[in-house]
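According to TrEMBL, the protein has these features:
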TRANSMEM  A:20-43  transmembrane segment
TRANSMEM  A:74-99  transmembrane segment
DOMAIN    A:76-286  domain 'ABC transmembrane type-1'
TRANSMEM  A:111-135  transmembrane segment
TRANSMEM  A:155-180  transmembrane segment
TRANSMEM  A:222-244  transmembrane segment
TRANSMEM  A:264-287  transmembrane segment
Amino acid sequence: MSARSSTRSLTRALPRALPLTPAVILLLLFLAGPIAYCAYIAFTDLQLTGQAEDSFIGFENFRTAFGDEAFLNAVWLTLVFTVISALLGQNTLGLALAALMQRASKPVRTLVGGIVVTAWVLPEVVAGFLLYAFFRREGTLNAILDWLHLPTQNWLYTLPILAVSFANVWRGTAFSMLVYSAALNEIPKEITEAAEVDGAGGWRRMWHITLPMIRRSIGTNLMLITLQTLSVFGLIWVMTRGGPGGKSQTLPLFMYEEAFQKSMIGYGTAVALLLLVVGSLFSVLYLRLLRTEV
Amino acid sequence: MPPRTRTPASRRAVRHRLAADAGLLVVAAAFVLPLAWVVLSSLDAQADLRVKLPDGLTFDNFDAVLTPDITFTPLLNSLLLCGGGTALTVACAALAAYPLSRFRSRLNRPFLLTILFATSLPITAIMVPVYALFVQVNLIDTMQGTIFFFAASQLPFAIWLMKNFMDGVPKELEEAAWTDGASSFQSLVRVVLPLMGPGVAVVTVFSFVMMWGNFFVPFMLLLTPDQMPAAVSINEFFGNRGTVVYGQLAAFSVIYSTPVILLYVGVARRLGGGFALGGAVKG
């Protein structure tokens with residue numbers, strides 16, 4: 001391309017790109033800026049109080065983190081929370097609901113869809129309170145177990161990570177259900193019917209025909225719910241505050257506690273940066289799954 | 001004797017449908033319990049943490065929380081924050097989507113990929129540096145700072161959705177407007193946006209619902225109690241008031257949740273259940 005034509009295309013491109021400016025400014029100032037700042041203060045010993053200025057300390061925060069039992073505990077709990085609530089819970093339950101809805105009668109489909117989606121649309125804090133009430137010692141779950149003559153316990157105290165995981169399943173399943181419903185609706189009826197005529201039972205049809213046909217939806221769904229679950233804060237905060245004794249303290253809560261309750265902004269941000277890096281890796285994977293779309 | 005028209009296949013279909021219905025209803029029963037608690041408790045003078053039918057229906061809980069302090073101020077704050085954030089998001093996204101959808105450029109693809117990448121970043125992770133940054137530039141504890149951050153965090157997804165909807169509007173109509181002497185901006189506002197009304201509604205409602213329910217952002221960025229939106233002020237029921245009056249907490253939860261549920265239902269009805277997923281999860 002000659003210099004002149006590239007200048008001409010530039011003079012034409014610039015006014016056309018003008019409408020992008022407000023969005024780009026907002027994104028640079030309030031999203032890219034903080035992320036860059038995050039990458040900087042993660043390497044400092046910035047604190048909230050009692051310190052004249054922060055200094056650059058290199059990888060010290062990260063070294064501290066990997067020697068810190070509370071941090072490793074938070075990593076482990078984040079993993080447990082993500083696997084139980086997103087991969088096993090939301091994903092599987094969402095797929096099961098979507099598959100059942102294909103066969104169910106319309107009123108039942110509408111009713112069940114409405115209930116599950118309501119749980120999803122509720123504000124995060126409200127969802128937290130509802131599930132807090134459900135799992136409390138004097139709450140609904142124990143009342144039901146008692147009525148069935150099953151042993152009860154103080155769920156938020158003995159198994160807090162399980163309780164918040166179930167809460168997240170309750171709140172998040174609608175997303176997977178909607179994704180899978182859309183995917184299943186796109187499978188041509190003839191294919192499943194042909195398999196049925198050939199004598200393939202329900203499970204075999206699911207395993208050999210349906211799942212392979214919706215595998216891209218499965219991929220994107222897993223990616224997105226993992227990312228959503230990694231950043232859950234309000235739900236756990238309301239239900240347990242990360243306690244008791246850090247037993248439900250996932251990384252976002254650990255980050256918050258280090259940065260604010262212990263005033264170690266630098267350290268808290270280092271944890272945040274790790275979370276961002278993990279999120280970015282998932283995000284790149286997600287882009288690869290979608291790469292033909294853009 | 002009535003004629004027997006049912007074939008074995010159709011009997012099997014009925015059996016399958018009944019089994020599917022039963023399975024779904026069992027799951028729904030588990031899902032509905034927490035929702036039933038909040039509705040029943042809000043109408044119960046002796047509400048506790050268990051789902052139970054109230055002895056008599058009462059609106060005392062609603063009466064008790066419908067005060068400026070508990071309900072009106074936080075809801076008004078929520079409205080300001082989320083309304084401001086949504087307006088900013090939708091305006092910027094509509095403008096940004098226009099060149100991305102209408103003009104070919106080598107920069108479109110990298111830009112859209114960056115946007116899509118940002119869509120799935122865990123925003124929770126950057127709240128600590130955002131707090132530190134806001135302290136330095138004096139935006140901490142300001143409505144406008146929070147609105148800006150809300151808008152920025154919602155923008156990637158809004159641009160992405162908006163661009164996909166805009167792609168669906170045929171270009172010919174715009175070209176007609178251009179021949180009549182309209183500028184690009186005029187054709188965007190007068191021709192393109194009205195034609196993609198449902199799309200704009202989806203972006204608007206989705207952004208609003210996301211901000212309305214968000215707890216962490218205002219929790220971090222606002223400090224003064226009378227600036228708190230409902231998402232944060234609801235915490236007060238637990239924090240500082242000693243014993244929790246569950247009936248009032250439930251009543252407040254109902255009041256706070258109703259707007260987003262109505263908005264969602266309004267848009268979902270017109271556009272089909274999976275609307276909020278838009279282009280982001282095709283595949």
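Keep in mind that glycine also has a Cβ here, set from the backbone N, Cα and C atoms.
Unlike curated entries, TrEMBL annotations are predicted automatically.
Here the listed stretches are A:20-43, A:74-99, A:155-180, A:222-244, and the one with the most C-beta pairs under 8 angstroms to the transmembrane segment (A:111-135) is A:155-180.
When each of A:74-99, A:222-244, A:264-287 is checked for Cβ pairs under 8 Å to the transmembrane segment (A:155-180), A:74-99 comes out on top. Listed by sequence, the residues of this chain that lie at least six past the ends of the transmembrane segment (A:222-244) yet keep a Cβ under 8 A from its Cβ atoms are 78, 81-82, 85-87, 90-91, 124-125, 127-129, 131-132, 135, 156-157, 160, 163-164, 167-168, 171-172, 175-176, 250-254, 256-257, 275, 278-279, 282-283, 285-286, 289.
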